[in-house]
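**Q** Below is one structure. I have some questions about it.
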Amino acid sequence: MSENDNQKTVDVDAAFLKSRRGIIKVAEMGTLFVAFVCFAVASTPKYLTATLLEFLITLLLLLLYLLKLNKRITFLFWPIVDVFNSVFAAIYFLVLSLMVLISSSVTGALVGGAVSLISAGLLFVDSYTLFRNITFNKPRNETQNQSNK
């Protein structure tokens, strides 16, 4: 056996990045990163932590779909995990951004709050798009394939 036969290849789903869901995930990451930077400049650690955590969760979900790990790791139904994350994060960021916009007078925090509001909107759109594609009466592989569209 040659050395190339022993190496496992990783499938990259480049089409996912061009899909509606992929674009939404990348946009979420962009807005979360901008909000993170704004909160860092404004020295607001409580908002900074929440934004960084959701950025990392979104990054992990993006990598999960991009590297097709959702097809290898099948003990969780990933579309439902993604929907729950998106719904709870959207509600959390809606509340967080409204708190920042109402209570802060620091420019960086205000911009971070406004960008967090955009993130909340993107998270709501992501959860709606995902939930619309999930059907509970189909086999697991068919549903997971549909949720990547």
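Numbers run from 1 along the shown chain.
Keep in mind that glycine also has a Cβ here, set from the backbone N, Cα and C atoms.
Pulled from TrEMBL, these are the listed features:
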type	residues	note
DOMAIN	16-135	domain 'MARVEL'
TRANSMEM	23-42	transmembrane segment
TRANSMEM	48-67	transmembrane segment
TRANSMEM	76-102	transmembrane segment
TRANSMEM	108-131	transmembrane segment
**Q** I'm a bit unsure how to read this: which one of 23-42, 48-67, 108-131 has the highest number of Cβ pairs shorter than 8 Å with the transmembrane segment (76-102)?
**A** 108-131
**Q** Kindly state the mean pLDDT of the domain 'MARVEL' (16-135) in the predicted structure.
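**A** So the average pLDDT across the domain 'MARVEL' (16-135) works out to 92.
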